[in-house]
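Q: Encoded as structure tokens, here's the structure I'll be asking about.
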Amino acid sequence: MAASKLLVSDIASVVDHVPSNYVRPVSDRPKMSEVQTSGDSIPLIDLHDLHGPNRADIINQFAHACSSCGFFQIKNHGVPEETIKKMMNAAREFFRQSESERVKHYSADTKKTTRLSTSFNVSKEKVSNWRDFLRLHCYPIEDFINEWPSTPISFREVTAEYATSVRALVLTLLEAISESLGLAKDRVSNTIGKHGQHMAINYYPRCPQPELTYGLPGHKDANLITVLLQDEVSGLQVFKDGKWIAVNPVPNTFIVNLGDQMQVISNEKYKSVLHRAVVNSDMERISIPTFYCPSEDAVISPAQELINEEEDSPAIYRNFTYAEYFEKFWDTAFDTESCIDSFKASTA
């Protein structure tokens with residue numbers, strides 16, 4: 001019965017053990033006893049005075065967070081609390097619909113701009129992950145909203161409101177990060193073409209043997225910057241200083257992490273960061289990452305201002321289109337933590 005189901009959320013409801021296709025090799029399991037709790041190791045940036053007299057100090061906080069960690073939390077971010085609450089409720093309601101209603105949106109085609117799927121890339125990977133996800137393209141919203149799920153009833157309206165609000169936040173973050181690199185505040189934004197914005201609503205059902213599998217294994221994000229909304233259940237872990245650190249949810253904050261495109265544009269002044277999602281046997285978990293990215297035709301390369309051959313700061317990466325990078329990212333199916341090395345400039 002379980003084998004015929006498309007989604008792990010429907011498999012989880014009928015099994016008391018992890019099916020063999022979800023079991024990781026012994027050498028690649030979470031080892032939760034070795035995981036540390038974040039404490040103060042993940043920076044928290046208060047954006048309240050970003051546009052006030054303390055801007056320079058906050059920009060310095062961005063520089064420190066991006067260069068030392070690549071992961072940080074933000075508060076006073078401007079996304080209304082009610083908007084966040086409605087988005088999380090809509091996400092829960094979507095995954096609590098009947099199996100027949102949910103699978104209407106199922107597709108394994110990674111090029112589809114709206115799709116429900118499972119794991120990461122089921123057509124390529126060797127071991128499945130304990131995750132279902134609804135992926136939505138959402139900028140420009142008018143190009144995609146009519147293909148989003150129409151149920152629950154308020155889903156499109158709520159998601160559009162959330163996506164619009166988070167995009168405004170991202171544009172503010174990009175200005176701050178650009179300034180923190182010593183660049184004009186619009187430099188990074190102008191590098192990524194017409195811009196792209198995707199969302200994933202990740203659903204991690206309860207798992208009978210969480211020590212055997214992952215929600216998502218260790219990976220780095222392909223995009224420019226990710227803004228993550230978590231529910232109250234812990235599951236995100238970041239690799240820092242040779243250890244996995246659990247990033248426990250903090251109310252009214254977002255988690256922000258840099259992706260591979262920021263690593264390229266900054267010429268490795270800033271780096272994308274390895275992270276993963278683990279599951280548990282007690283509670284389902286929902287996370288909603290917003291992936292902000294270049295448009296597919298955007299040509300990505302290190303910012304010229306950050307290249308100086310005479311001071312031993314050559315361009316580390318060659319020019320490439322984001323479409324080329326994104327296709328490579330999906331094809332790896334997380335067999336590697338990142339595909340960024342294949343885009344390095346030739347040293348021959």
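A Cβ is built for glycine as well, from the same backbone N, Cα and C atoms used for every other residue.
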Q: Which of these, His137, His195, His275, does Swiss-Prot say binds Fe cation at the same site as His219, Asp221?
A: His275
Q: Drop a 10 Å sphere on every Cβ of the binding-site residues His219, His275, Arg285 and tell me which sphere holds the fewest other Cβ atoms.
A: His219
Q: With a radius of 8 angstroms around the mean position of the C-beta atoms of His219, Asp221, His275, what other residues of the same chain does the Fe cation site pick up?
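A: So the extra residues in range turn out to be Leu216, Gly218, Lys220, Thr226, Asn257, Gly259, Ser272, Val273, Leu274, Arg276.
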Q: Which state, by DSSP, holds Asp221 (Fe cation binding site): helix, strand or coil?
A: coil
Q: C-alpha of Asp221 (Fe cation binding site) to C-alpha of Arg285 (2-oxoglutarate binding site): distance in Å?
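A: Checking the Cα atoms of Asp221 (Fe cation binding site) and Arg285 (2-oxoglutarate binding site) gives a distance of 20 Å.
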Q: Distance check, please: Cα of His275 (Fe cation binding site) against Cα of Arg285 (2-oxoglutarate binding site), rounded to an integer number of angstrom.
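A: So the alpha carbons of His275 (Fe cation binding site) and Arg285 (2-oxoglutarate binding site) sit roughly 16 Å from each other.
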Q: Using DSSP, tally how many residues of the domain 'Fe2OG dioxygenase' (194-294) sit in helix, strand and coil.
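A: Its residues divide into 9 helix, 45 strand, 47 coil.
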Q: Roughly how many Å lie between the Cα atoms of Arg285 (2-oxoglutarate binding site) and His219 (Fe cation binding site), rounded to a whole value?
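A: Spelling it out, the Cα of Arg285 (2-oxoglutarate binding site) and the Cα of His219 (Fe cation binding site) are 19 Å apart.
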